[in-house]
Amino acid sequence: MKGLPVLLWLCTAVCSSYPLHGSEEDAGMEVLQKYLENYYGLEKDVKQFTKKKDSSPVVKKIQEMQKFLGLKMTGKLDSNTMELMHKPRCGVPDVGGFSTFPGSPKWRKNHISYRIVNYTLDLPRESVDSAIERALKVWEEVTPLTFSRISEGEADIMISFAVEEHGDFIPFDGPGMVLAHAYAPGPGTNGDAHFDDDERWTDDVTGTNLFLVAAHELGHSLGLFHSANAEALMYPVYKSSTDLARFHLSQDDVDGIQSLYGPPTESPDVLVVPTKSNSLDPETLPMCSSALSFDAVSTLRGEVLFFKDRHFWRKSLRTPEPGFYLISSFWPSLPSNMDAAYEVTNRDTVFILKGNQIWAIRGHEELAGYPKSIHTLGLPETVQKIDAAISLKDQKKTYFFVEDKFWRFDEKKQSMDPEFPRKIAENFPGIGTKVDAVFEAFGFLYFFSGSSQLEFDPNAGKVTHILKSNSWFNC
């Protein structure tokens, strides 16, 4: 039997704490051996161990593994250790620098290209594109880094799906266990990320969530090693999240990536905060009030703006708490008590609606030629007010909600789609007939009605969570 001396010595050192029998014992020892070889640097041709258990190389490696993964350091193959070893994880080893690869490799530039070479069949292409884009955004939010996607040629980060042996001499192992692996920054295959296509990739909490795994692997592509902090994204063992909408990096992740690239710097693409005198005390409008509702909600360059009366909260992944400002401190001509707001990302423009008029802004700039009549969009004259609006980047469509109906606008053709309006209840079951605001995050749509918020999965076509409107404020 290949590796028999290793397995015999492993059993001598660690069997006593994990009662196994026959083939089960052999299987457990083989799992341990491979785990220590793959992730903790155990030599594959170990022929001699000292007879004293607490000084054997195997016991020391078990203790090293237990310490890193946050387990009790028994030096034995106990049930907690065995359970954790069977959980899905990243294929990158755990030994090395605490938060970065040895030598701290990093990209020597702040703008990095990526390319999605091929796609899994588990998800629509647009869902894969969105998951990768959001995963990179997680790191972009806390660094000076920016990312752009190319469709052909060699990118800094090449992203692909593969099974078993796939050309890098580190084969995948089929469903479960190793989910993906990635390489540190550098030329050639360095920086690339590979995903095991034998997994069942999803964009929700069933199966293996592509966004969460991609965010972890792309951390490696940027130079981060595994973290021993179980709360960190860079912890090696996969942890499913039931609240993808409020996902944020741990401080450990932020400290690690900023040790390589520094904190984010303000640029023309970032909304600059006004002077302190224009920033308000949130107690002016209690953001954690159970009765809080919003006039409109929109994204703006990766942030989320929550509008209420003359004010708005600005929520960014960079800060745990939202800022609170007067609308006029950013955009003096915009109306208060607006009806709806939405961002068209490929135009870098946010549109504000009140009554039968529409305004347009780009960062701090209020665009010339506005306000215009909402009827220039093709809405009928009978519509004098929009309740809520959202533009979906993948579809290049904008949805306008009016009472219990909605219209759909084609951003590419710049015209209303035929066969609209349609009933909200038929296309968004469970949402109800009153929509105050809506925006998209992490592949879900968030509909606001009064002080309530509904998380809607557009792929499943159903409501997945009922939340308070201010759940984004850590209340």
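The backbone N, Cα and C atoms fix where each Cβ goes, glycine too.
As given in Swiss-Prot:
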- CYS90, HIS216, HIS220, HIS226: Zn(2+) 2 binding site (BINDING)
- ASP122, ASP197, GLU199: Ca(2+) 1 binding site (BINDING)
- HIS166, ASP168, HIS181, HIS194: Zn(2+) 1 binding site (BINDING)
- ASP173, GLY174, GLY176, VAL178, ASP196, GLU199: Ca(2+) 3 binding site (BINDING)
- ASP295, ASP387, ASP436: Ca(2+) 4 binding site (BINDING)
- ASN118: N-linked glycosylation site (CARBOHYD)
- 285-334: repeat 'Hemopexin 1' (REPEAT)
- 1-17: signal peptide (SIGNAL)
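For HIS166 (Zn(2+) 1 binding site), the same-chain residues 6+ apart in sequence whose C-beta sits under 8 angstroms from its C-beta are SER160, PHE172, HIS194. Here the candidates are the recorded positions CYS90, ASN118, ASP168, HIS216, HIS220. The one whose C-alpha lies nearest to that of GLY174 (Ca(2+) 3 binding site) is CYS90. Taking the mean position of the Cβ atoms of ASP122, ASP197, GLU199 as the Ca(2+) 1 site, the remaining same-chain residues with a Cβ inside 8 Å of that point are THR120, LEU121, PHE161, PHE195, ASP196, ASP198, ARG200, TRP201, THR208. Across the fold, the C-alpha of ASP122 (Ca(2+) 1 binding site) and the C-alpha of ASP168 (Zn(2+) 1 binding site) stand 23 Å from each other. Using the Cβ center of CYS90, HIS216, HIS220, HIS226 for Zn(2+) 2, the list of other same-chain residues with Cβ within 8 Å runs, in sequence order, VAL92, HIS181, ALA182, GLU217, GLY219, LEU224, PHE225, MET234, PRO236. Near VAL178 (Ca(2+) 3 binding site), with the C-alpha within 10 Å of its C-alpha, lie none of the binding-site residues ASP168, HIS220, ASP387. Across the repeat 'Hemopexin 1' (285-334), the DSSP tally of helix, strand and coil residues reads 3 helix, 20 strand, 27 coil. Cβ-based crowding with a 10 Å cutoff singles out GLU199 as the top-ranked of the binding-site residues ASP168, ASP197, GLU199, ASP295.
For HIS181 (Zn(2+) 1 binding site), the number of other Cβ atoms no farther than 10 Å from its own Cβ, over all displayed protein chains, is 19. Considering other CB atoms within 10 Å as the measure, the emptiest surroundings among the binding-site residues CYS90, VAL178 are those of VAL178. Each residue contributes its Cα atom, and for ASP295 (Ca(2+) 4 binding site) and ASN118 (N-linked glycosylation site) those atoms are 41 Å apart. In the shown protein chains, 28 other C-beta atoms lie within 10 A of the C-beta of HIS216 (Zn(2+) 2 binding site).
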